[in-house]
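S.K.: Relevant sequence annotations retrieved from Swiss-Prot are reproduced here:
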TOPO_DOM  1-32  topological domain 'Cytoplasmic'
TRANSMEM  33-53  transmembrane segment
TOPO_DOM  54-83  topological domain 'Extracellular'
TRANSMEM  84-104  transmembrane segment
TOPO_DOM  105-117  topological domain 'Cytoplasmic'
TRANSMEM  118-138  transmembrane segment
TOPO_DOM  139-149  topological domain 'Extracellular'
Amino acid sequence: MESLYRVPFTVLECPNLKLKKPSWLHMPSAMTVYAMVVVSYFLITGGIIYDVIVEPPSVGSMTDEHGHQRPVAFLAYRVNGQYIMEGLASSFLFTMGGLGFIILDRSNTPNIPKLNRFLLLFIGFVCVLLSFFMARVFMRMKLPGYLMG
């Protein structure tokens, strides 16, 4: 494999560049990187790529038995399609569940007061459980009859 990498460099010669980092460029803090990761996770799980390509409506409408148009947030019976609000709501739940796990992890740090540890555990469990059960409710709205036992 080394010999294959060596073949192009028998003909090409790498330039001798002396690059230095610009003075205004600094290493971002850990919380800045974490915030960028959470925001990108929110956008990707929300289906931002799908929303840009397909351009679905933000909410849909359904005609009830009296002939009136009712707004609906979930595109029922379609696994491969979504409204924008549906994607954002689901993405919020996934992000809330992920943050709940991170909060649960932070409750294990040493030297944390007992009340703060209890509050972190409570908030973490609430975030994880609420996100899990709301995702199940969303699945029932998306696919009626699914997960019914």
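Here the Cβ of each residue, glycine as well, is placed from N, Cα and C on the backbone.
In the displayed structure, how are the listed features positioned relative to their neighbours?
M.R.: Per DSSP, the topological domain 'Cytoplasmic' (1-32) is made up of 13 helix, 0 strand, 19 coil.
Taking DSSP states H, G and I as helix and E and B as strand, the topological domain 'Extracellular' (54-83) has 1 helix, 8 strand, 21 coil.
If you look at the transmembrane segment (84-104), the same-chain residues 6 or more away from its ends with a CB under 8 A from one of its CBs are 38, 41-43, 45-48, 50-51, 56-59, 73-75, 120-121, 123-128, 130-132, 134-135, 138, 142.
Taken as a whole, the topological domain 'Cytoplasmic' (105-117) shows an average pLDDT of 94 in this prediction.
Beyond the ends of the topological domain 'Extracellular' (139-149), by six or more residues, the same chain brings 74-79, 86 to within a C-beta distance below 8 angstroms of the stretch.
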